[in-house]
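Novice: Sharing a structure with you now.
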Amino acid sequence: MSEPSRDAHQIPHGSKACRRLFGPVDSEQLRRDCDALMAGCVQEARERWNFDFVTETPLEGDFAWERVWGLGLPKLYLPAGPRGGRDDLGGGKRPSTSSTLLPGTAREDHLDLSLSCTLMPHSPERPEASPGAPGTSQGRKRRQTSMTDFYHSKRRLIFSKRKP
């Protein structure tokens, strides 16, 4: 085998191999571009939904916004918070409050809508059977569906010369 080239030994072993293909990064310009893009997105959403998402106030337009207090929301949408206190928004536990709320907005105005699930421990006295195993009381067994159940396949005609 040939010896390694001398150029490979010029790179110190402790340095990273990093290439800047398009020159140095201007952090200020990058921040300005991101801010301009974000402002454009906020303005587009404001015009589309007639709602100011920065100050969280409804605007005049095609939509009529009204406050929903959560009394009609199912408890599925009212997650349990770290505190045990009840909330006046829907009867569920009070959602966790975030310190990142905008200044000037009340914490009571926010309702955190998220889903939560609880894992149930497997009981050792009842072994888990496979869904298709005999003796399970699941009712009718569903079969595996395939794409041709929804889309009918078409036969393709292939014309070829016959062998003599």
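Glycine is treated like the rest: Cβ placed from N, Cα and C.
Positions annotated as compositional bias 'Basic residues' by Swiss-Prot: 153-164. The ubiquitin cross-link annotation in Swiss-Prot covers SER2. Per Swiss-Prot, N-acetylserine is recorded for SER2, and the stated evidence type is similarity to another entry. Per Swiss-Prot, phosphoserine is recorded for SER114, SER130, SER146, SER160, and the stated evidence type is similarity to another entry. The feature phosphothreonine is assigned by Swiss-Prot to THR145, with similarity to another entry given as support. Taken from Swiss-Prot, the feature region 'Disordered' applies to 80-164. Positions annotated as region 'Interaction with TRIM39' by Swiss-Prot, on the basis of similarity to another entry: 152-164. If you look up Swiss-Prot, you'll see 13-41 marked as zinc finger, on the strength of sequence analysis.
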Novice: With DSSP as the reference, give the number of residues of the zinc finger (13-41) in helix, strand and coil.
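Specialist: Output for the zinc finger (13-41) reads 15 helix, 0 strand, 14 coil.
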Novice: I need the most crowded of these modified residues: SER146, SER160. Count other C-beta atoms within 10 angstroms of each C-beta and give me the top one.
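Specialist: When each Cβ's neighbours within 10 Å are tallied, SER146 tops the list.
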Novice: What is the total of other Cβ atoms whose distance to the Cβ of the residue listed as 'phosphothreonine' is within 10 Å?
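Specialist: Total other Cβ atoms inside 10 Å, all chains included: 8.
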Novice: Return only the integer: C-alpha distance in Å from SER146 (phosphoserine) to SER160 (phosphoserine).
Specialist: 31
Novice: List the Cα distance (Å, whole number) between THR145 (phosphothreonine) and SER160 (phosphoserine).
Specialist: 34
